[in-house]
Amino acid sequence: MLFSSIVFLFTFLPVTLLVYYLVPGRLKNIVLLLASLVFYAWGEPVYVILMVLSILFNYVSGIDIERNLENPFKAKQSLVIAVAVNLLILGFFKYYGFLIESLNAVLPVELPYKELALPIGISFYTFQTLSYIIDVYRGKVQVQKNLISFGVYVTMFPQLIAGPIVKYSDVEMQLRDRNITMEKFGDGAIYFVRGLAKKVLIANMTGLVFTKVSAITFSEMSVLTAWIGCIAYTFQIYFDFSGYSDMAVGLGKMLGFEFMKNFDYPYLSKSITEFWRRWHISLGTWFREYVYIPLGGNRKGRERTIINLMIVWFLTGLWHGASWNFVMWGMYYGILLIIEKFMIGDRLEKVPGMCRHLYSLLFVMIGWVFFFSPTLGFAWKYLGVMFGVGAKTVVDSMGIYLLITNLALFAIAAVGSTAKVHEIFGRIVYGGYKVRAVLACAIYAGMFLLSIAYLVTETYNPFLYFRF
């Protein structure tokens, strides 16, 4: 079930909120847990069993680790078992087919295997349970002995299938006692409508442009058309994912929770390092705290730092998908970050801001080619066409048509990628004047109605991070 679906907007969400607000505080977690399981079972009726088993296993593991903290060996043994089981489950469902395919490519015999459907959101909720048991072991959080509360942490439907990845320490107190007010509900509604509009009115529209371009064969594709496709995808994935994250944050506020911001206008970045401080912040935070720093971070010299960075970015690529193009995407960013950190960082700071901005955008767009390509071969061919290798021509009628018909859409997306438009909306919404309040209501009501009109009349409504 997608947030941007009619059944969610007009059936699941209003019913859930109505029941949630009507029941007393001590029952709210039960309602939220049941609603989250229904939400997940709507699209994955079989794999909801896997999720319940994951909840039970990690609940017991947390208690076992906490009980053995005075015995470091036993506590570490319990931690290793818990981490291993979580990673084995994730690996089996997400990487089993990829492993067999990779072996078949080099072995003289072909190993048979059955394609497994990927449980939706398994990468997200696995990382959440890992952060919980690791933090219990580290003594950073107290073990959760209430099974319902722990189940809510793992399954909470606002961020279940696409994040942000919520650390247990961030919601530990909120699981026990949270403040639900009309003001917080209003803020949540604003976040949700803004995210819905980003997803439906911009991501879906730019996605249609990318779909048109990707249907063209390389032999018939011009340089201009290839760049238009890449630009369209660059906007699509940002507004798709950040829109979904905004909706998740908004839903969290409606339920009394505060989730971390997952995006901070990443396309304003003036370096690749800055881009990854602004893009998918919760994932970057997770890898830094649970992989990079435990490996030694940058505390053990240059060579070790380089190795640590490459390990983190190899895993980051693999987390996004079980294919070599995602591995390449991760390694690509690892190499760029190493180059910035050890070779050009100081010199880059002396370059004019506009040039640094263009540099960052160029390399981010090249990275998205690896991300959207089904295979590495496709990625190399697409990049070749973008830079004139194997292209039909530099400019053709299709490229000109796509540019002219989508120029306004790209302009709106470009402006929407900046902080300025959100600052203006913020002044309107929170300006304190009645006229502004009425104007804000009109704007957000218009955005909501336009989004609903699109959902009713159009069938194109994908969600890119749904597969992770």
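Even glycines carry a Cβ here, placed using N, Cα and C.
Bear in mind that TrEMBL entries carry predicted annotations, made automatically and left uncurated.
Since this is a predicted model, take the numbers as computed values, not measurements.
Feature annotations, courtesy of TrEMBL:
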{"type": "TRANSMEM", "residues": "6-23", "note": "transmembrane segment"}
{"type": "TRANSMEM", "residues": "30-57", "note": "transmembrane segment"}
{"type": "TRANSMEM", "residues": "77-96", "note": "transmembrane segment"}
{"type": "TRANSMEM", "residues": "116-134", "note": "transmembrane segment"}
{"type": "TRANSMEM", "residues": "146-166", "note": "transmembrane segment"}
{"type": "TRANSMEM", "residues": "305-322", "note": "transmembrane segment"}
{"type": "TRANSMEM", "residues": "328-345", "note": "transmembrane segment"}
{"type": "TRANSMEM", "residues": "357-378", "note": "transmembrane segment"}
{"type": "TRANSMEM", "residues": "398-416", "note": "transmembrane segment"}
{"type": "TRANSMEM", "residues": "437-456", "note": "transmembrane segment"}
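Only sequence-distant pairs (6 or more apart) were considered; of these, at least three Cβ pairs between the transmembrane segment (437-456) and the transmembrane segment (6-23) are under 8 A, so the stretches are in contact. The transmembrane segment (305-322) shares the most Cβ pairs under 8 Å with 328-345, out of the stretches 6-23, 30-57, 116-134, 146-166, 328-345. Counting only same-chain residues 6+ beyond the ends of the transmembrane segment (146-166), those with a CB under 8 A from a CB of the stretch are 29-30, 32-33, 35-37, 39-40, 51, 54-56, 58-59, 62, 120-121, 124-125, 127-129, 131-132, 175-176, 241, 244-245, 247-249, 251-252, 255, 257, 259-262, 280-283, 285-286, 463, 465-466, 468.
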